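Right, one structure below, let's go through it.
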Amino acid sequence: MDIFEKQQRIESINGIIKVRWFIIAIILGLGFILKAKYFGQWGTGFGENFALAYLKMGILGLMAFSYNFFFWLFMRRLGRKPLEKISERALSIMSILQIVPDQLICTLVYYNTGTVDSMSFVYYFISVFLASSIYKTRGIILTGLLSGFLCTTLLIIEYQGLIPHFNTYQGVTLFGSPYVTRGKIITFIFYISVMTFAAAFLSNLIRSREKKLRQERDKVTEQSQVLTVQTQELTKTKDYLHEALTKSDAARVEIEKTKTELEKANLELQAKLRELEKYGQVTTGRELKMMELKEKIKTLEKRIEELEKK
């Protein structure tokens, strides 16, 4: 049982507990009203049978409220734990307890309301309906079989005289007729079979849809994770490009600065070169004059030597 199934099971159990409060209140209210009406004692006092009927209904209602309160308290404490720490065994036991006590209470209600004379067997259908929110096909079928076993067994042992029969209406009863008893059993088995089949079919349909939705959710989650990774990679790439562009801008600024300095240095060198050229021209002229003077001096020296010789 994975985390999703645990969460689904817990939600189903909590939902059944909430619905059970409403069902118990409705059944008790209906029982009190119908009992008072059937005995014709609206506010005129309580006879012995009337008081006993109310006492039985009160005891059954108290039993139902008591175990439902225990379920509510247990699930409230269980809900405070992380899903990973909730055991599958505890959830399985709580799932079973959502069905079996209700089936037993339904049997007691059905017996005390007159069995073959009443319509209280429809309460078994409620338990099958509730089971479809917790169990899969096998669990729903077992719930239907348990309902059929309890109802059929009650009708048979009551018909055999092993337990007393309680009339639903004073002076009117269908109890004792083998045809009515047989018809009740066959009808109930047919109805509970149809109800079980319909509940199992709808439960499988809903679970199949939930499975597909869960698969789609997992697929979307996986795609979302892939997109998240790609987004992170794109973010890193964007940051890298931004950093590279920042460095490129800084390098471009530095290059522009260097270019400007080089142009300035070039202008200065050109100015110095022009000065050197002028200086070179002046120096070259002087050198030529000196050479001419040297030549003249040499010529004069030669003449002086010639004159001295003469």
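The backbone N, Cα and C atoms fix where each Cβ goes, and this holds for glycine too.
Note: TrEMBL annotation is automatic and uncurated.
The transmembrane segment annotation in TrEMBL covers 21-39 (among others).
Feature annotation from TrEMBL assigns transmembrane segment to 51-70 (among others).
The annotation transmembrane segment is assigned in TrEMBL to 140-157 (among others). Distant neighbours of the transmembrane segment (140-157): 99-100, 103-104, 106-107, 110-111, 115-116, 121, 124, 127-128, 131-132, 163, 181, 184-185, 188-189, 192-193, 195-196, 199-200, 203; these residues of the same chain sit at least 6 beyond its ends, with a Cβ under 8 Å from one of its Cβ atoms.
Positions annotated as transmembrane segment by TrEMBL: 185-206 (among others). Long-range contacts of the transmembrane segment (185-206) within its own chain (CB-CB distance under 8 A, at least 6 residues past either end) are made by residues 121, 124-125, 128-129, 131-133, 135-137, 140-141, 143-144, 147-148, 151-152, 155-156.
Residues annotated as coiled coil in TrEMBL: 248-310.
Within the same chain, residues 17, 20-21, 24, 27-28, 31-32, 35, 39, 97, 101, 105, 108-109, 112 sit at least 6 positions outside the transmembrane segment (51-70) and bring their C-beta atoms closer than 8 Å to a C-beta of that stretch. Confidence in the coiled coil (248-310), given as mean pLDDT, stands at 71.
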